Structures are given as structure tokens and as C-alpha cells.
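Written out below as C-alpha cells is the structure these notes cover.
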Amino acid sequence: MDRLHIKGGAHLNGRIPVSGAKNSALKLMVACLLTDQPITLTNMPSLADTRFLAQLMETLGVEVYWPKGESTCHLNGAELKSTIAPYDQVRKMRASFNVLGPLIARSGHATVSLPGGCAIGARPVDLHLQALEAMGADLRVEQGYVKAAAIHGLKGAHINFSMPSVGATEHAMLTATLAEGETVLENAAREPEIEDLANCLNSMGAKITGAGTSKIRIQGVEKLNGTTHAVMPDRIEAGTYAMAAAAAGGDVTLEGAPVAALGAMISKLKEAGVTVEADEAANTVRIVRNGTRLKSVNVSTQPHPGFPTDLQAQFMALMSLADGTSIIRETIFENRFMHAPELQRLGAEILVRGQEAIVKGVPQLTGAPVMATDLRASVSLVIAGLAAEGETVVNRIYHLDRGFERLEEKLNACGASIERRSGDDE
Ligand SMILES: CC(=O)N[C@H]1[C@@H](OP(=O)(O)OP(=O)(O)OC[C@H]2O[C@@H](n3ccc(=O)[nH]c3=O)[C@H](O)[C@@H]2O)O[C@H](CO)[C@@H](O)[C@@H]1O
Ligand SMILES: C=C(OP(=O)(O)O)C(=O)O
């Protein structure tokens with residue numbers, strides 16, 4: 001298993017290009033199931049998750065042309081050959097479950113394994129299933145699979161989500177594009193990736209309005225066309241590198257950053273005493289911290305436009321070094337503090353009480369062997385390792401490879417010292 005050896009203590013200086021967003025790319029790939037015409041996605045991040053989903057697409061009969069090292073992915077679902085998404089190809093990530101509705105819309109039936117993804121909470125799929133049932137799908141859950149059929153086709157429906165769910169909103173929106181009549185989604189999630197998906201679907205001929213607000217209307221159409229669409233930049237990757245620069249110190253400019261989507265993160269960094277220069281026209285964010293100690297800041301994760309749960313672990317690494325005590329509340333997932341005991345190995349002082357972590361900042365962290373437990377937890381350990389004195393070894397980095405493209409290369413280009421080695425955990 002690969003691990004990262006990080007020599008901490010160096011300031012980061014330079015420019016980091018932001019890759020396409022994993023959480024957008026995955027749902028955009030699923031959209032190819034809705035049409036028999038080719039879809040071309042540019043700015044595609046080459047990640048374990050996107051490559052793995054490409055394999056599931058191939059199992060379903062989609063022709064995928066995406067050479068290694070290229071950021072353009074061609075998907076052609078002219079003829080689907082299967083409507084079964086097997087356990088082994090769905091269990092590793094959340095987004096793969098979103099093939100269920102599109103397969104029903106396209107073929108009238110589907111059998112899809114219950115999903116996996118980061119182990120950060122119970123993560124039920126009840127809202128996904130309720131939305132599909134409201135559109136007329138008959139569903140049974142048997143032996144870990146959802147078996148679905150819509151003998152009379154899918155019909156538009158009025159769906160009022162009991163909580164905003166990113167995955168359920170996207171799933172319902174994808175499915176409703178080909179349902180008969182109008183679908184209205186109330187209390188929909190407002191994450192920017194939902195807007196990205198709606199823009200792509202509209203360019204395929206869908207009729208979606210309101211994406212990015214809590215009320216989305218989808219007027220079903222008979223057929224969708226192919227398209228070419230650029231995946232939006234990854235706000236979580238951008239936020240992660242912003243926090244890495246803030247923790248290690250230095251002067252880093254993020255290039256191709258989705259500035260408008262980073263509002264909550266930028267204001268928290270500023271509160272912590274970091275200089276942040278965001279330029280929306282140039283799509284850049286400059287992060288500067290030289291010498292001054294970070295200030296402690298409280299944060300509570302919230303659905304967009306609030307502070308994202310996918311940046312909570314990274315912010316905890318940062319607050320481990322702040323002057324004072326900060327309270328970090330996780331309100332989206334019930335088990336997303338697994339990085340706390342690992343950060344403690346580096347000398348962080350963190351007390352977890354239910355949904356709150358109380359972080360008492362220390363002046364200096366010290367390198368140690370740690371273990372990655374999920375995607376964002378892993379990268380929080382990289383951030384802490386960059387700021388720590390001495391060597392940190394992050395074991396089990398396959399989690400990291402799910403969501404960060406060329407992480408060592410990007411950080412080393414700014415002066416970090418990160419080396420990937422294979423072999424047993426240390
Ligand atoms: C691939 C992808 O895009 N993953 C992101 C997506 O996950 P995902 O789409 O899984 O997250 P959701 O927004 O659905 O989850 C939010 C909350 O709703 C709950 N819930 C969700 C669905 C459901 O049917 N029933 C239910 O109770 C979840 O357990 C969680 O407590 O949004 C999360 C919240 O921004 C991010 O952390 C993930 O990185
Ligand atoms: C939680 C994440 O991914 P997934 O939803 O696939 O588990 C994430 O990207 O942080």
C-alpha cells in the first residue's frame with residue numbers, strides 16, 4: 001500500500017492549478033446514460049473515483065475513451081448492454097448510486113447495489129428512493145440491491161425533500177429530465193456542483209430552472225442530445241490548498257479557482273488572520289501568511305453556501321496551530337471526526353464531544369506516523385504534516401487518491417517535500 005513521507009516545516013510559495021471537481025465530474029459522467037449520443041467532458045480530473053466510475057459505465061455498455069494523462073473524456077452510451085450495477089463497482093463511492101434513476105428513465109428497469117463512499121456516517125438513500133418512487137418507479141431492496149422498474153414510464157412529481165441532500169437532488173434532477181411532465185424539487189440542495197450538472201443537462205436539451213436555489217423545476221423532454229461540457233473547478237481541492245498554505249505559511253496563488261463558490265471558506269481564513277486576495281475575474285485566490293500566528297475561529301459545517309463539511313477536517317488541522325481554542329461543529333455527518341485522533345499523534349490537542357470538536361491550538365506540531373481513514377481526513381493529515389516539525393508518514397493513502405489529482409506534484413512545486421513510497425504501513 002502506498003504512503004506519503006512528508007518533511008514538514010517548509011513554507012509554500014508558488015502557483016497551484018485547480019483541477020476539475022470530483023463531485024461534479026462523477027454526476028456529469030452519469031448523465032451520459034440519458035442519451036444515445038456522445039458526451040465529451042473536458043477538465044476531467046483523473047482520480048481513482050472518476051476512473052473507477054468509467055469502468056462501471058463500461059459495464060453498463062457505455063464506450064469510454066479517456067487516455068491516461070488526458071483531461072478530456074468521451075462517453076458514448078449509444079447502446080446500453082446492461083442495467084445491473086454490481087456491488088463491486090458501486091460500493092466504493094457514493095456517486096455511482098446515481099445511475100439508478102437514469103437507467104430506469106432510459107431502459108424502464110435497473111438493479112443497482114446500495115452505495116459505499118467515505119465511512120463518515122450512516123448515509124441512507126431513503127431520499128433518493130422516495131424521489132424515484134414519487135416519479136412512478138416500483139422499488140424493492142433485496143440482498144443489498146435496489147431492484148427498480150417503471151412499467152408505465154416515469155412521471156413528473158412534486159418532491160419536497162425533508163433535508164437538502166446533494167446526491168438525492170442530483171439523482172432526482174437527472175431522472176426527471178426524461179420523465180413525462182413537470183417535476184418540482186423543494187428544499188433541494190444548492191451546492192455549485194448541482195448547477196454544473198443542470199448546465200450540462202440543459203446543453204443536452206433538458207429544461208431545468210432554479211438549480212443552485214432550493215426550488216428546482218424540471219420539464220421532462222422525450223430525448224436528450226449529446227454535448228461537450230467543461231467540469232467546474234474543484235472548490236474542495238482549492239479550499240484544501242488554501243488551508244495548506246495557511247498552515248505551512250508562505251504565499252500561494254490558486255489558479256482556475258471557483259472563487260464565487262469559496263465564500264464561506266475565504267471568510268473563515270480571513271477571520272483566522274490569513275491574507276486572502278480573491279479575484280473573481282481572474283479566477284485566482286492568493287493566500288499569504290508570513291510569520292503571524294493563526295487566530296482561533298469557530299466553525300459549523302452547513303449545506304452550501306455555508307462552510308462545507310468536505311473542508312472540516314482540513315480546517316481542524318489548521319486550527320490545531322491557532323492561538324486559542326476553536327469549536328468545530330459537524331452538522332452534516334454524524335461520524336466525521338476520525339482525523340482527530342490522528343492529528344493528536346502530531347501533538348494537536350483536540351477533545352471530541354458528540355458533534356463538536358474542541359481544538360486547543362498548539363504553537364508547533366511534530367511529525368509522526370498516521371493513518372488515513374477517509375478522503376478529506378487524509379488530506380488534513382497532509383496539511384498538518386506540512387506544518388509539522390520533522391517527518392510525517394501518512395499511511396493508506398488510497399483514500400487520498402480518490403479525490404486529489406497529482407497532490408504531491410502540485411505541493412512539491414511550491415516547495416513542499418512529499419514523497420510517495422510503496423510497501424507496508426509504517
Ligand atoms: C460524491 C459527492 O458528491 N459527495 C458529496 C455529497 O455526498 P452525499 O450526496 O452523499 O451527501 P448528502 O447531501 O446526500 O448528505 C447530507 C446528509 O443527508 C443525509 N441523507 C442523504 C441522502 C438520503 O437519502 N438520506 C439522508 O438521510 C446524509 O446521511 C447526510 O447526513 O455531499 C456531501 C455534503 O456536501 C459531501 O460531503 C460529499 O463529498
Ligand atoms: C465524502 C466524499 O465522497 P463520497 O461522497 O463519495 O464518500 C468526499 O468527496 O469528501
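Just so you know, glycine gets a Cβ as well, placed from its N, Cα and C.
Under the heading active site, proton donor, TrEMBL lists C118. In sequence order, R94, D374, L375, R376, H399 make up the list of same-chain residues 6 or more apart from C118 (active site, proton donor) whose Cβ falls under 8 Å from its Cβ.
Around N23 (phosphoenolpyruvate binding site), the same-chain residues at least 6 positions away in sequence with a Cβ under 8 Å from its Cβ are A95, V166, E191, E193, D234, I236, D310. According to DSSP, N23 (phosphoenolpyruvate binding site) sits within a helical segment. For K22, N23, the entry in TrEMBL reads phosphoenolpyruvate binding site.
Sequence annotations record features per position, and here TrEMBL assigns UDP-N-acetyl-alpha-D-glucosamine binding site to R94, R123, P124, V125, D126, L127, D310, I332. D126 (UDP-N-acetyl-alpha-D-glucosamine binding site) falls within a helix when secondary structure is assigned with DSSP.
Summarising the annotation, TrEMBL assigns domain 'Enolpyruvate transferase' to 7-411.
The 2-(S-cysteinyl)pyruvic acid O-phosphothioketal annotation in TrEMBL covers C118.
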Next item on the list: Could you check which of the recorded positions K22, C118, V125, L127, D310, I332 have their CB within less than 6 A of ligand 1?
Entry: V125, L127, D310, I332
Next item on the list: Run through the Cβ atoms and count how many others sit within 10 Å of the one on R94 (UDP-N-acetyl-alpha-D-glucosamine binding site).
Entry: 18
Check: Whole-number Å distance between the CA of K22 (phosphoenolpyruvate binding site) and the CA of I332 (UDP-N-acetyl-alpha-D-glucosamine binding site)?
Finding: 19
Next item on the list: Name, in the order they occur in the sequence, the residues of the same chain whose CB lies under 8 A from the CB of I332 (UDP-N-acetyl-alpha-D-glucosamine binding site) and which sit 6 or more residues away.
Entry: G121, T301, Q302, P303, T309
Next item on the list: Can you check which residues sit near R123 (UDP-N-acetyl-alpha-D-glucosamine binding site), meaning Cβ under 8 Å from its Cβ, same chain, 6 or more apart in sequence, and list them in order?
Entry: R94, P115, G117, F333
